[in-house]
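Working notes, structure below.
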Amino acid sequence: MAELRLGYKASAEQFAPRELVELGVAAEAHGMDSATVSDHFQPWRHQGGHASFSLSWMTAVGERTNRILLGTSVLTPTFRYNPAVIGQAFATMGCLYPNRVFLGVGTGEALNEVATGYQGAWPEFKERFARLRESVRLMRELWRGDRVDFDGDYYQLKGASIYDVPEGGVPIYIAAGGPEVAKYAGRAGEGFVCTSGKGEELYTEKLIPAVLEGAAVAGRDADDIDKMIEIKMSYDPDPEQALSNIRFWAPLSLAAEQKHSIDDPIEMEKVADALPIEQVAKRWIVVSDPDEAVARVGQYVTWGLNHLVFHAPGHNQRRFLELFEKDLAPRLRRLG
């Protein structure tokens, strides 16, 4: 099995830019192996929300750290961005921070793309997935060097070159919520990304088998694929604090169809805040006992995931990092 890694999710929707950078730096100081960041033009909620630019955060944290792996979880390189420009940006970061950068990609959400000018009805999954695959092909062709002509269904290049590229390009991690994209991740991604709290059968019967199938079709060793999961966990020795911390992140407990189709953070906030706290908690591991926390997290390792990235919902992130380093990290490391 691939190496066990522990990571920190920097919540760009919750914290202002300077604080978000300081948290990324603190993640390395507290022993995390990676720090990932979301890429939102608009946050999940209007009141108290933030949405700093992910690539600015990565470079700022990269300059102040030495070893931690940095990446997006995730970015959509297909609508408000031109994938060639994203390829250039990540190639530059790959040169600045060798072997420390990855590009995590997904198919996109209306919340971020409609406000920035996407015209017409929000595309169905089939088109969004096709755009994603094409953008990955385009970026990799650019990273191979030489001049590139590319005539795709959605994107075109004419004599394009990226002049500063790290050897081998940049690892691409592909986010999947279902088996079709998971199979693609196994076939074409250096990494695979999913999120926690969706029921054992999704991971054991759909996602992980699909990743393995995709790897087999491509003749790849599945152990070479970094299998990342964002674990939504509210850990605090105070049970009431652990529960209250999750309220800010109620939008994550909405159905996938709602999250993908709502394009206004004010509406998103209104719909999410109508959810009872008990329903919000179903998406989270809400715990006060470290052994219980590790037992519930450990099931994901048993199911085949090796890179555990922790999304803590509370406003006091330094407290979480301190508690994680003291109470959870030593226990979790033993799982590997």
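Including glycine, each Cβ sits where the backbone N, Cα and C put it.
From a predicted model like this one, the values you see are computed outputs, not experimental measurements.
Features of the protein shown, as given by Swiss-Prot:
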- D39, T76, T107, G108, N112, G177, G178, E180, V181: coenzyme F420-(gamma-Glu)n binding site (BINDING)
- H40: active site, proton donor (ACT_SITE)
- E109: active site, proton acceptor (ACT_SITE)
- T195, K198, K259, R283: substrate binding site (BINDING)
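Here the features listed in Swiss-Prot are painted onto the structure.
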{"residue": "D39", "record": "coenzyme F420-(gamma-Glu)n binding site", "Cβ contacts under 8 Å, 6 or more apart": "A12, F53, S54, T72, V74, L75, T76, N112"}
{"residue": "H40", "record": "active site, proton donor", "Cβ contacts under 8 Å, 6 or more apart": "A12, E13, A51, L111, N112"}
{"residue": "T107", "record": "coenzyme F420-(gamma-Glu)n binding site", "Cβ contacts under 8 Å, 6 or more apart": "T76, T78, F125, R128, F129, R131, L132, A175, V181"}
{"residue": "E109", "record": "active site, proton acceptor", "Cβ contacts under 8 Å, 6 or more apart": "T76, K259, H260"}
{"residue": "G178", "record": "coenzyme F420-(gamma-Glu)n binding site", "Cβ contacts under 8 Å, 6 or more apart": "K206, L207"}
{"residue": "T195", "record": "substrate binding site", "Cβ contacts under 8 Å, 6 or more apart": "G177, I229, E230, K232"}
{"residue": "K198", "record": "substrate binding site", "Cβ contacts under 8 Å, 6 or more apart": "none"}
{"residue": "R283", "record": "substrate binding site", "Cβ contacts under 8 Å, 6 or more apart": "G197, K232, L252, S253"}
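For the substrate site, the Cβ centre of T195, K198, K259, R283 serves as reference, and the other residues of the chain with Cβ at most 8 Å from it are G177, S196, G197, K232, L252, S253, A256. Secondary structure at T195 (substrate binding site), taken from DSSP and collapsed to helix, strand or coil, is strand.
Counted within 10 Å of its Cβ, the other Cβ atoms near N112 (coenzyme F420-(gamma-Glu)n binding site) come to 21, all protein chains included. In the three-state DSSP reading, K259 (substrate binding site) counts as helix. Highest local Cβ density among the binding-site residues V181, K259 belongs to V181, counted as other Cβ atoms within 10 Å over all protein chains shown.
In the three-state DSSP scheme, T107 (coenzyme F420-(gamma-Glu)n binding site) falls into the coil class.
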